[in-house]
Amino acid sequence: MPLLSRAERWDFEIDKYLNRIIPASPLHRLPAPVSRFLGYRKEDKPDVGNVLAAFYSFLGAFCGLAVVAAVFNNVESIRAKHPPALIASFGASAILEYNTLRSPLGQPRNALLGHTFSALVGVGVTKLFLLHHQPADFEPMRWIAGAVACGLASAVMLLTGTVHPPGGASAVLAATSPEITEMGWFFVGLVMLGSVLMLGVGLVVNNIQRRFPVYWWTPLEVGRRRRRDGSEEEVRADGKGGLEFADEEGCEKRREGLALNSEEARLLEALRKRLRRAEAEVEESAETARSSAEVTRVPSHCAGSDRSAV
């Protein structure tokens, strides 16, 4: 039992290692018409009402799946592999990407990598089964391969921070659908292509009156940010329930027992931006006050007077 007790404290946070090397978002430097359709907003606005949201959810799901199906069924190199008319797991992705826009499960990192990792796992598990069984003998065992693929894909997505529930369906399809099994590794590329197409449609439809994505990689800061004194500070999440702050010399400051979920992280980020804007406004006001307080001392023409006129 001591091993089980220790296992309860095991925690692997991949972002602890990745966030420090991921570059900061450049979206704020892009022209407003471009950055808008990439999800950037200077100020976050409340969501639209559910009636308008329902309309855009329908429009996004229809356009996204229609684009994917049109490509799959009209590109000759894809048709040569005899794919299904539409990969079923994309239907679930459509709900996340066009309906629940603020869900962490539907952000680009999760949608693209979750699907891709799951497809890789599904095809890999299926090929391992086929190594030890003839195709005819594999048919009665497809259900086992599907269960293994889904379970393994779930674990991979959790450890990589790319949980996307429809990805589990992609893994199962790779093992249980004969036509997809025949495609082999080509299925992974097909899933990646479909995910990119759906994301592209989402960037257009979801940003007309709503906002998508909320973030591309993580709601937390990534890379290094420059302080006002010119030094750099690196911020990263700690997988053991804390936050670590490291400056450019590598000196670390740890905040024990502080762990943020995605909603809290987004709130913290919004507050941080507001505080920075407020600080900048205060400094600007102080600078203006100092400028207006400067006076030009002009010698008085009055005889015997040493006072100056403003």
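Note: Cβ is positioned from N, Cα and C throughout, glycine not excepted.
The domain 'HPP transmembrane region' annotation in TrEMBL covers 49-213.
Counting same-chain residues at least six beyond the ends of the transmembrane segment (51-72), those with a Cβ under 8 angstroms from any Cβ of the stretch are 78-79, 83-87, 90-91, 94-95, 97-99, 190, 193-194, 197-198, 200-202, 205-206, 208-210. The transmembrane segment annotation in TrEMBL covers 51-72 (among others).
Only residues 6 or more beyond the boundaries of the transmembrane segment (113-131), in the same chain, are considered here, and those with a CB under 8 A from a CB of the stretch are 89, 93, 105, 138, 141, 144-145, 148-149, 152-153, 156-157, 160, 162-164, 166-168, 170-175, 181, 184-185, 187-188, 191-192, 194-195. Residues annotated as transmembrane segment in TrEMBL: 113-131 (among others).
Long-range Cβ contacts of the transmembrane segment (143-163) within its own chain (Cβ-Cβ under 8 Å, at least 6 residues beyond either end) map to 12-15, 104-105, 109-110, 113-114, 117-118, 121-122, 125-126, 129, 170-172, 174-176, 218. According to TrEMBL, the transmembrane segment annotation covers 143-163 (among others).
Counting only same-chain residues 6+ beyond the ends of the transmembrane segment (183-205), those with a CB under 8 A from a CB of the stretch are 37-39, 56, 59-60, 63-65, 67-68, 71-72, 78, 81-83, 87, 89-90, 93-94, 97-98, 108, 111-112, 115-116, 118-120, 122-123, 127, 170, 174, 212-213. Residues or ranges marked as transmembrane segment in TrEMBL: 183-205 (among others).
Under the heading region 'Disordered', TrEMBL lists 280-310.
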